[in-house]
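Colleague: Here it is, the structure in full.
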Amino acid sequence: MESRLKPGLIVLCGPTAAGKSSLAIAIAQRLGSPILSADSRLVYRDFNIGTAKPTPAEQQQVPHYLMDLCDPRQVFTVGDYQDCAVPLIQQLQEKGMLPLLVGGTGLYIKAIVNGLRFPRIAPQPKLRSQLQALGQPLCHALLQRVDPVAGDRIHVNDRVRTLRALEVFYVSGDRLTDLQQEQPPSYPILQIGLDSDRLEARIQQRTQQMLTSGFVEEVQGLCDRYGSDLPLLNTLGYRQVCAFLQGSLSRSELPEQIVLQTRQYAKQQRTWFRADSSIQWIDAEASNRLERALDLIERFRKSEGV
């Protein structure tokens, strides 16, 4: 890409297991673009199989950024993600590149695309400990009471984001929803959505692949290294494997529960992304999905001069 062209950004989003990573690599190879992750769990080191983190071999094909940024014991907020992503995007654009932002964490993507701003409130370990002692169901009920918009947006089982929203409220006295402000970037952005009418089958296939690739062993290693009370171990997939290791789920029930919870999460993602009318959708099952994506990008580049 010539440096005289304007900076821009391509976003590839959609529900989990739709095939974003493989399509992103194919697009990036054709465009010479770097891939920037927009996944809230890929920022953590050692959480690999259960997060479907691109493998080392995949990462060698195309430069990947915004992964393995911090220790799993650290708190990493959307604001922290912005602090990493915004200057990185600018640096890549200044080098004449067209970055490809890829992921399914809607709030991360919205933070970049809409320029959402977040309160810089430091983690409060004592407050978090007190809230955790109440249990996730009560914490989420409290969030629904003090900040209904955030309560609707944050999944009932998402302990990390529930605690963060409550932390912001109790420390600042303001609702997280009210504190968010939008300052959209000046450069043009193309958002491409990837979805499939066979998503359930894809979820089942990927779950089985994770389990045969050593997911249970990964979780056991994480428990041994960080302790079974690590908040990230209470997230999708890891929570179910922990239950299996503790004896409350059988081997046959394990994949069933992972698939069930993943389907619910995918439904939530679809609702989030489908609410954005600016996203242009591609069928993940279409044989020409790469050509379709490249066509959208080419038309975007011509119209915007990027």
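Note that Cβ sites are derived from N, Cα and C of the backbone, with glycine treated the same way.
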Colleague: For the annotation region 'Interaction with substrate tRNA' in Swiss-Prot, which listed range does it cover: 3-6, 15-18, 39-42, 295-298?
Modeller: 39-42
Colleague: Please compute the mean pLDDT of the model over the region 'Interaction with substrate tRNA' (39-42).
Modeller: 98
Colleague: Tell me, how many other CB atoms lie within 10 A of the CB of Ala17 (ATP binding site), whichever protein chain they belong to?
Modeller: 25
Colleague: Looking only at C-alpha atoms, tell me how far Thr105 (site 'Interaction with substrate tRNA') is from Gly19 (ATP binding site), rounded to the nearest Å.
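Modeller: So the alpha carbons of Thr105 (site 'Interaction with substrate tRNA') and Gly19 (ATP binding site) sit roughly 15 Å from each other.
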Colleague: Restricting to the same chain and to sequence separations of six or more, state which residues have a Cβ under 8 Å from that of Thr16 (ATP binding site).
Modeller: Ala52, Gly104, Ile203, Thr262, Tyr265, Ala266, Gln269
Colleague: Sequence gap of 6 or more, C-beta under 8 Å: which same-chain residues meet both conditions with respect to Lys20 (ATP binding site)?
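Modeller: When sequence neighbours closer than 6 are ignored, Lys20 (ATP binding site) has Leu12, Cys13, Gly14, Val102, Gly103, Gly104, Leu194 within Cβ distance under 8 Å.
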Colleague: To see if you understand the setup: which same-chain residues, six or more apart in sequence, place their Cβ under 8 Å from that of Ala18 (ATP binding site)?
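Modeller: Expected: Leu194, Asp195, Ser196, Leu199, Arg202, Ala284.
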Colleague: Sort Lys20 (ATP binding site) into helix, strand or coil using the DSSP assignment.
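Modeller: Lys20 (ATP binding site) sits in a helix per DSSP.
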